Amino acid sequence: MKVKALSRSTTEFTRETKSDIQKLPRNIDPELHPLERAREYKRALNAAKVERMFAKPFLAGLSGHIDGIYSMAKNPWDLDNIITGSGDGELRMWSLTAQETIWRAPEAHRGIVKGVCNVPGNESDRFLSVGTDKTVKVWSRSESAVAADGTTPETVATYNGKHAFSGIDHHRHRPIFATSSSLVEVWDVERSEPVANLTWGADTINTVAMNQAEVNVLASCGTDRSIILYDLRTSSPLAKLVMALSTNAISWNPMEPFVFATANEDHNVYTFDMRRMDHATNVLRDHVSAVMDVDYSPTGQELVSGSYDRTVRLWNASSGHSRDIYHAKRMQRVFCVKYTLDNKYVVSGSDDSNLRLWRARASERVGIKSNRERATIEYAEKLKDRFKYVPEVRKVLRQRNVPTMIKKASQTKQVMLQSRKRKEENQRKHDKHDTKPRVPERRKAILGVTTK
């Protein structure tokens with residue numbers, strides 16, 4: 001005689017602790033849930049509303065500088081520290097956790113501090129700064145006497161140049177660094193003179209950026225509207241790209257070594273692939289004034305930019321429009337921005353002498369999350385991504401309150417772009433031979449490319 005017994009596991013319907021929620025049996029048969037899509041749409045709309053309701057990106061304003069902040073560097077071996085340089089020659093090191101100054105040099109340079117960078121190494125406590133006083137100075141964080149009596153600490157080393165410096169960056173692991181002035185100079189920390197001079201053109205170089213992944217590649221941009229790539233192994237240029245307007249800053253993608261982003265005077269951020277520079281891989285166009293600085297997130301998937309229009313914008317690297325815009329009533333023109341290395345925060349420095357700390361995700365909250373809370377957040381993100389093109393959800397997700405000046409300037413810029421397109425179409429329509437070619441947006445700002 002065959003006997004069939006019902007067998008079920010107690011773990012399927014019992015709780016581990018008395019604080020757990022009751023487990024309910026669920027049947028996922030779609031025939032039993034005819035309104036599934038309608039319910040998910042409602043949940044997506046509610047999730048979008050909750051995101052905007054809890055969006056409070058501003059965390060802290062760190063005051064202390066007397067003049068504007070024009071240079072900034074993050075420490076790859078310390079998440080908490082940010083170094084800033086101001087227009088009156090002062091250097092400060094900040095603790096983002098304590099939100100206070102932990103090191104300062106009141107008269108580090110005679111004139112504006114144009115660039116700062118950290119010396120690599122897990123045990124290194126040194127960093128470099130350059131200014132318009134034609135000097136490169138090496139500082140040590142262990143010099144803490146300045147906090148007590150207000151005097152400038154002694155430098156570890158000083159390098160004298162022939163021209164006013166405009167930027168600096170250090171090699172990933174070798175004891176060399178590069179500076180920009182009227183030319184790009186490569187220095188060895190053990191020598192008082194540059195070991196290599198890199199030139200291609202005669203105009204001033206705005207900034208210099210070393211690739212931290214493909215460590216033998218160096219990029220610079222100048223006032224002659226050029227972007228030049230150099231090879232440190234041969235001390236020779238690789239390629240030169242000429243834009244319609246000059247570039248203010250360069251940032252290399254930490255996850256894709258051949259990709260870099262540039263902040264341009266034409267209100268746009270351009271991303272390029274150094275293997276094929278005859279066109280931009282993407283054009284990010286939402287700012288209404290010159291973009292002064294740009295930085296990649298540690299994941300390489302997002303960008304942050306600071307502009308002369310007094311705003312900070314965050315972008316998805318694959319999108320053409322910003323996903324968020326940050327502004328403050330007293331924040332003036334933004335000259336430097338950085339993503340923190342935990343991908344959670346953004347730091348901006350402006351010429352109102354304040355350093356500001358923002359959330360990278362405006363509605364995200366810090367702290368340990370339970371499994372249920374994390375699953376709920378991930379489910380809400382999936383729903384918003386699934387229904388992001390539905391008009392009601394899209395309207396809520398894109399709604400931003402921006403200053404009147406930004407809104408009016410954006411509307412004016414849009415009218416100008418539409419007028420320009422309409423003019424070009426009319427010219428083609430009434431041209432007998434239709435000789436005017438259609439130029440893609442990613443090639444319009446590029447005037448020429450030269451390789452060696």
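Here the Cβ of each residue, glycine as well, is placed from N, Cα and C on the backbone.
Residues of the same chain lying 6 or more positions beyond the ends of the compositional bias 'Basic and acidic residues' (422-444) and with a Cβ under 8 Å from any Cβ of it are 244, 278-283. Feature annotation from TrEMBL assigns compositional bias 'Basic and acidic residues' to 422-444.
Under the heading domain 'Sof1-like protein', TrEMBL lists 360-446.
The region 'Disordered' annotation in TrEMBL covers 407-452.
According to DSSP, the secondary structure content of the repeat 'WD' (62-104) in residues is 0 helix, 27 strand, 16 coil. Annotation source TrEMBL lists repeat 'WD' at 62-104 (among others).
Packing against the repeat 'WD' (284-325) from elsewhere in the chain are residues 57, 248-256, 259, 261-271, 331-339, 341-343, 346, 348, 350, 358, 360, 362, 400, 402-403, 405-406, 409-410, 413: each is 6 or more residues past its ends and has a CB under 8 Å from a CB in it. The annotation repeat 'WD' is assigned in TrEMBL to 284-325 (among others).
For the repeat 'WD' (327-368), the residues of the chain that approach it from at least six positions outside its boundaries are 50-74, 76, 79, 82, 84, 86-87, 94, 96, 99, 292-299, 302, 304-312, 314, 402-403, 406, judged by C-beta separation under 8 angstroms. The feature repeat 'WD' is assigned by TrEMBL to 327-368 (among others).
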